[in-house]
C-alpha cells in the first residue's frame, strides 16, 4: 500500500487519484466541475436577493413581505380586472337589452361575435354541441325550433334563470310520469304519439282519446304545442329525447324534467345578452357569424 | 471550505453527523411552518363538510384516478380567473383529507364545476364522454352504473371527524342512510338528511333514477359540490386582495 497522502497523477486523464490502492485498483479524484460550482454560487446569490425582494420566510403567524411588496392574489385580481376592462368598452353595450340596435351595429357585432364564440365553447358547447347541434336530452340550438321563443329576449331569460334550475325565476318544463296508465294503453299511446309528426295519428281511436284526456292540456289539442308551458310540439320533426315508440314509452313511464343550469351567477348580464344574440344567430343557421 | 469537506469525508462518524444536520435543516424548513397552520388558514364561517354521498363520490374520484388529468385548483393568474372563476383558497380544502388539487391538466380544472352542468349531462358524459363532447379524449366509465357500496362510510366519517372535520356522532351513525337519502328527494329520509346537513347540499336523483343508489349518484353528487362548499373565494375576489 502506498502512502495515503502521496500525490499521484493518472497519466490517461491527467487527474489526481485518491492516493489509495485497493489491490491494484486506484480511484480517480476528479475535481468538481467549475461550471457547477459557479452555478451553485449564483443560485445562492439569487436566492438571497429573492429573500429580500419577494415574500419568503414564515414568521409564525405572518411572513416576510419582501421589499417589492408583491402579492400574487392581488396581482391576479388586478390582471383579471385589466382583462375585463379591455372588453368593457364594447361588452358594456350589451348591458342593455335592445337586441335589434345591437344586431344592426355591424362593427360591434364583428368585435363581439368571436368573443361570444369563446363564451359559448366554454359554457354551452358541453351540452348543446360545438355548433349547437344538441344531442339526446340536450336541445338543438341550430334549428328554428324553440320551446319558448327564438327571440334574443327569451333566450337571455332562459340562460339567466335556467330551466328546472335552482333559481326562483327559472322556467319550468316538467313532464310528469304516466306510469299509472295501464301498459297496453301506454303502448298504444306511444304508437299514437310516434305517428303524430307524419299525420297518420287518428284522434278517433282509443289512443287518440287517451291523448286528448292526458296530453292535450300541455301539448295542445292537436299536439302542436306552442302553449309556452315548456311542452314541445309533437307534430313537427324536431325532438328532444326522440319520438319513436320506445323512447315515448320511456318518457311516459318516468316523465322528463331536463335541467338547464341558471347562469346568472357565473356570467355577467352583458355576457348573457351577448350569448343570447349568438344563440339566436345559431338558430338562424349562420353558425354565430353576423 | 472545500478542504473542510475533504477532511470530513475521512471521518465516517463526523460525516454521518454532518449529513444529519444538513438533512434536518431541510426538514425543519418544510415542517416548521405547518405548526402554525391552525393560525394561518382561516376557516370561512359558511364552509360545510362533504355529505356522506359526496364523500363516497370523492373516494370514486380518487379510485378512478380523475386527479391525474383534472386539477381542482384555480391558480392566481388573470387568465385562470377569466376562464374558471375566483382563484382557490387553502381554506376551501381544509376538510379534504387528502386534498385533490392535482398538478396536471389533461382535462379542464374542476374547482368551480359544481352546478355548471346538469346531472343528465354528467351521466351521459361519464358513461360515454364522446356522446356529448365529440373531441374529448377522456376515458369512458360505464361501470359506474353499479350499486354504491356504502359500508365503509361510517368509518370514513369517523376518521375524518378525528382529523377535525365537523361530523357529529349522529352524522356518523346515519352516514349510510344519509348517502341513500340524498339521492331520494321528497322522502322522509331526505328530510332527516337535511336536518343534519342543512338545506345547502342538493338532494336529487343524481343519476336520474331515485330507485337505485349507484356509483354515478355518488360521483355526480361530489362533482356538483365542487366549489359550492363555501362562498369565501367569491368574497375574497370581490373585496380585492384578502
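Backbone N, Cα and C atoms are what each Cβ position is placed from, and that goes for glycine too.
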Candidate sharing the heme c 2 site with A:215, A:218, A:219 (per TrEMBL), from A:175, A:260: A:175
Residues satisfying Cβ distance under 8 Å from residue A:218 (heme c 2 binding site), sequence separation of at least 6: A:175, A:227, A:229, A:230, A:231
Proximity to chain B among binding-site residues A:127, A:128, A:215, where any Cβ pair is under 8 Å: A:127
Cβ atoms near residue A:127 (heme c 1 binding site) (within 10 Å, other residues, all chains): 24
Three-state composition of the domain 'Cytochrome c' (A:111-197), taking helix and strand from DSSP: 40 helix, 5 strand, 42 coil
Nearest-integer angstrom distance between the alpha carbons (Cα) of residue A:215 (heme c 2 binding site) and residue A:260 (heme c 1 binding site): 23
Cβ atoms near residue A:128 (heme c 1 binding site) (within 10 Å, other residues, all chains): 22
Other C-beta atoms that fall within 10 angstroms of the C-beta of residue A:215 (heme c 2 binding site): 21
Site extent for heme c 2, whole Å (max Cα pair distance, A:175, A:215, A:218, A:219): 10
